[in-house]
Amino acid sequence: MVSRAVGSVCAPAAALGRGALWAAAWGVLLLTGAAEAEHGRKKVVHVLEGESGSVVVQTAPGQVVSHRGGTIVLPCRYHYEAAAHGHDSVRLKWTKVVDPLAFADVFVALGAQHRAFGSYRGRAELQGDGPGDASLVLRNVTLQDYGRYECEVTNELEDDTGMVKLDLEGVVFPYHPRGGRYRLTFTEAQRACAEQDGILASAEQLHAAWRDGLDWCNAGWLRDGSVQYPVSQPREPCGGLGGAGSAGAGGGASGGVRNYGYRQNAEELYDAFCFTSNLPGRVFFLKPLRPVPFAGAARACAARGAAVAKVGQLFAAWKLQLLDRCTAGWLADGSARYPIVNPRARCGGRRPGVRSLGFPDATRRLFGVYCYRAPGAPDPAPGGWGWGWAGGGGWAGGARDPAAWTPLRV
């Protein structure tokens with residue numbers, strides 16, 4: 001039998017009646033669950049050998065896969081000897097594993113009383129497909145929902161648990177800020193990914209991206225605090241030709257995922273590997289009558305009911321919406337990039353990917369812009385449009401300041 005307790009709750013359990021014990025536990029959970037969900041907590045797992053509980057929990061093997069904005073069922077069913085007790089006496093609890101011994105509360109149910117916690121409020125509910133079904137329905141899936149979940153079923157003092165892994169369809173992309181490579185602490189890497197519409201990638205996601213051909217010769221943070229980088233084409237400057245340090249299948253000439261291990265000093269500086277998933281809106285390229293400096297990019301997108309696209313949004317559009325454009329454009333972080341689905345020689349090489357021109361001079365370099373329009377946002381200028389001055393006039397040989405341009409219908 002496996003039982004869980006926090007502090008010394010288990011010690012006086014035998015002295016209480018079963019009904020009083022669970023009534024008290026339920027009241028404490030309702031009062032303190034929200035705070036625990038906000039800050040996380042540590043679980044102490046007690047294993048009692050030689051005993052077997054009457055509760056048996058079954059979850060789906062492997063993993064379930066969804067995408068951002070989707071609806072997914074985390075499967076969990078249980079069976080127990082119900083001769084003496086009804087299902088109303090069974091407590092169902094879902095938690096998310098946020099650290100090897102840290103869990104965040106997601107959802108709990110005892111009879112007719114149900115409660116979701118934190119960001120899961122309004123999105124999580126029991127499937128309720130007959131007796132013995134503890135499956136959790138999760139709506140409007142977010143990037144932060146990625147990870148492992150524990151389904152715990154407790155019948156008074158007997159319990160059992162099962163684990164479900166939620167994976168997301170998406171794309172991993174390397175990232176560093178304008179300041180250059182190897183400038184991010186772990187915390188800064190988390191923030192940088194969030195600012196570019198992503199989260200830090202997991203080691204599993206990076207390994208899958210390597211199998212899909214990702215080749216990047218700069219080490220970056222992952223969400224577990226490790227530092228790694230994928231090499232599909234082995235070469236001496238990128239960890240040698242394989243062998244030690246290559247986590248990829250095959251090693252040797254096939255490359256691999258080079259691993260610096262878990263960095264104990266979170267102030268060390270590296271790049272970041274970010275992950276993003278399905279876009280709820282659309283990314284499109286906007287080419288004004290004349291290319292614009294970075295300061296004009298936001299106005300250009302705003303004229304079409306959109307905002308300048310983030311790096312993660314462009315990667316998602318390339319990978320999941322097959323956006324292919326052989327023209328560089330501004331992005332929200334001040335970089336200039338363009339997505340290539342069908343490689344051709346004049347568009348940066350023979351492999352698909354998002355090409356980067358780095359961070360050009362924001363005032364002197366002129367490009368188009370990649371815009372992102374959220375779902376349901378109307379296009380205020382469905383016809384032609386261009387740049388000009390509200391008072392009229394033309395380019396006048398460059399005498400007017402391009403920073404003063406405003407979008408006009410043409």
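Each Cβ is built from the backbone N, Cα and C atoms, and glycine gets one as well.
Keep in mind that TrEMBL annotations are predicted by a computer and have not been checked by a curator.
Computed from a predicted structure; not experimentally measured.
Sequence annotations record features per position, and here TrEMBL assigns disulfide bond to Cys217-Cys238, Cys326-Cys347. The domain 'Ig-like' annotation in TrEMBL covers 54-169. Among the features that TrEMBL reports, domain 'Link' is placed at 171-276, 281-373.
Counting residue by residue with DSSP, the domain 'Link' (171-276) contains 25 helix, 33 strand, 48 coil. Cβ neighbour count for Cys347 (disulfide bond) (all protein chains, 10 Å cutoff from its Cβ): 17. For Cys326 (disulfide bond), the count of additional Cβ atoms within 10 Å of its Cβ stands at 14 [all protein chains shown]. Annotated pair Cys217 (disulfide bond) and Cys326 (disulfide bond), C-alpha to C-alpha distance, rounded: 24 Å. Under DSSP, the residues of the domain 'Link' (281-373) split into helix, strand and coil as follows: 22 helix, 26 strand, 45 coil.
Reported as a whole number, the C-alpha separation between Cys326 (disulfide bond) and Cys238 (disulfide bond) equals 28 Å. Residue pair Cys238 (disulfide bond) / Cys347 (disulfide bond) shows a Cα separation of 25 Å. In this model, the domain 'Link' (281-373) carries an average pLDDT of 93. Around Cys238 (disulfide bond), taking its Cβ as the centre, 18 other Cβ atoms fall within 10 Å, counting all chains.
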